[in-house]
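Undergrad: Would you mind keeping the following structure in view while I ask a few things?
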Amino acid sequence: SKEPTLSPIPSLSSILSSTSTVFWIMGWIDWSLSSCCETEEVWFISMFGLYLVANAMLWNHPSNVLKPMKLIAVFAHEFGHAVMCWLTGGQVVQIEVYNNEGGVTRYRGGNRLAIIPAGYVGGAVFGGVFVAFSGSRIPATIACCCFIVFLLGALFYAPNPTMTFLNLGFAVATLGAILLDWCFGVSPFIQFVCLYYGTTIGSFSVFDTIEDTVTRTAEGSDAVACSQVMPCCHPQCVGVQFALAGLFFLALGVYFGLLWMIHDNTEMDVAE
């Protein structure tokens, strides 16, 4: 029988060559956004601004018109706790979303110091990712498909009836948006849906933080829990940091969304 052969150790020149390729790609990307803004980018920025202003105006409207979106933002918040629990070696027991726009994630083990802030910070990250991925059709579709998987996967963690109906409803609605875009030619519908998801989930990480942890100190909030773990941190100071994180990731999402759109437009110009 033949002796097993070992894979050759990559040479320094090949490593430098692959590294230079990465730097070439990074240099090729228009990080300064100097090619902005054509029609698509203007639409993207305008719709983001429109969504943000509409959310701010309707956030506490008596009609509760944003109730479903606020509840899905609560789910993203609780899912952020769950993800950090898994990442730190813990076990998620239950995820619940309540009709009063509250929620809870019950878990065992994990790093509590990392899990507590992962609600607002995780929601801000999810919002920023949705906004960034909405800059192109395929990434927006991937983001929405992953969202459906998260919605359905969370149903295996003993949800309450509100969360069950919420997750199933949004899974069906998101799947419908994907089908409308790809099967019926209603494009770029999925990108606008993805952008709205991201803007609203990110808005929640800002507006809800300000309401519950900055203008007042709500007992049981994540900011209060953080201050209990780290007594040197006042709940309102923690809340301000959560709100700033929400704004940061929304802005970062817009930046990367524009990068994606400029990249797509450049590819189209080259193809033509």
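The backbone N, Cα and C atoms fix where each Cβ goes, glycine too.
The transmembrane segment annotation in TrEMBL covers 12-29, 41-59, 113-133, 140-158, 170-197, 242-262.
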Undergrad: Give me the stretch from 41-59, 140-158, 170-197, 242-262 with the greatest number of Cβ pairs under 8 Å to the transmembrane segment (113-133).
TA: 242-262
Undergrad: Report, as numbers and ranges, every residue of the chain located at least six residues beyond the transmembrane segment (140-158) whose Cβ falls under 8 Å of a Cβ in that stretch; write 'none' if there are none.
TA: 75, 79, 82, 92-96, 129-130, 133-134, 164, 167-168, 170-171, 174-175, 177-178, 181-182, 188, 190-191, 193-195, 197
